[in-house]
Amino acid sequence: SKLAALFEHPLYNIPIPEVTEKDKLFVVNPMEKFSLHSSGSDGWVSSSKAETLLPTGKTAYDTYPTWLKFHVGINRYELYPRRDPLLPTLLRDLAMQRIISSVQKSGGTQLKLIMTFPNYGQALFKPMKQTRDQETPIDFFYFSDFERHNAEIAAFHLDRILDFRRIPPVSGRLVNITKEIRDITTDKKLAKTFFISPAGNVCFYGECSYYCSTEHALCGKPDQLEGSMAALLPDKTLAKRRSWRSPWRRSYHKSKKAEWELNPNYCAQVRQTPPYDRGHRLLDLIDMTILDFLMGNMDRHHYETFEKFGNDTFLLHLDNGRGFGTHSRDEPSILAPLQQCCSIKKSTYLRLQLLATQPYRLSDLLREALAADPLAPILAEPHLRALDRRLGKVLAVVAYCLAR
């Protein structure tokens, strides 16, 4: 396994700083036991006699479902550890756990569902919009592109191979539209949008600002529909997140250009503006830029951080559905922050160099990681080959910067 060899490499074993109580997203009371039989709707029972309720040798933490252990493990430095023993179980839960509720997620241009499991875990479901071998038409603007379920799955694994670990775990899943959405939804607006197509397939379209109409309906075969299931982050009432506008955000206008596209010295301006004037925030943004360039994602207008950790923490790489839309062309403008600032983390640069070598070739690693997903193959081969070409271009930009 090339993947196993990669994670054994010294560059993937650089220790993170010691995690203190203030570096944890949640400080858990070791006496607090998780119980599905509590009277409260949130599934918690708290008791000073918790230990007497537990089997011998077990701690309260052992009673937590996997999604809760994932939430409890989040800290200032990483969303989940490199060698996370929970990851296979969490991915399996996303793919296999019984769905007891499906409701539409509000906001956004496209339909997304929040699905709930019997153990109170929740996942964000993005349905299949186009086939693996379809490319985004060349005349499409980036903001009118579809979100792809397979891009969400591939982005999670790519982010992990780059050792960023800033995307919540995602698994593919085949969902039965009738039994796992229509028959169990309590969302009246969503329920009104189901119909049977002329081909006899079960379809629905939901309510949203852009792609929710009969013309853009999602149809099963006859009621089986592929989608991505992403583990939800802790509720914002429990762990506030701050949304930041990206300085290299596109104009989202058919003819206007953004300032960074017109001003070659734009980075000097950014470097003087908080939060980019200190710490590693700008370098983290450049990490995200490299991830986006590798998957061809032009739609990164905002990013989020956990408020508790202030400026000194990682960026969450959420919403990656507009990646992997094209393999036959690259979009150099995505790399503008790297080109204009000529800055990169040393650890990121060394890992990128490693991923360009034969034993650790990026396309081979991602192919291996995606082969274990229930919906494999996730990416068409040309997309995997494009990764190696794009990685070469990232390294060429860094080489140009070094030469300067």
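Note that Cβ sites are derived from N, Cα and C of the backbone, with glycine treated the same way.
Taken verbatim from TrEMBL:
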ACT_SITE  ASP299  active site
BINDING   GLN110, LYS126, GLU147, ALA230, ALA231, LEU232, LEU233, GLU304, ASP319  ATP binding site
BINDING   GLU147, ASP319  Mn(2+) binding site
DOMAIN    194-403  domain 'FAM20 C-terminal'
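Shown here: features listed in TrEMBL, placed on the structure.
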residue	record	CB count, 10 Å
GLN110	ATP binding site	19
GLU147	ATP binding site	24
ALA231	ATP binding site	24
LEU233	ATP binding site	21
ASP299	active site	18
ASP319	ATP binding site	23
Inquiry  = On average, what pLDDT score does this prediction assign to the domain 'FAM20 C-terminal' (194-403)?
reply    = 95
Inquiry  = Looking only at GLN110, LYS126, GLU147, ALA230, ALA231, LEU232, LEU233, GLU304, ASP319, which the record lists for ATP, tell me the maximum pairwise CA distance in angstrom.
reply    = 20
Inquiry  = Show me the subset of GLN110, LEU233, ASP319 whose Cα is within 10 Å of the residue listed as 'active site'; these are the binding-site residues I mean.
reply    = ASP319
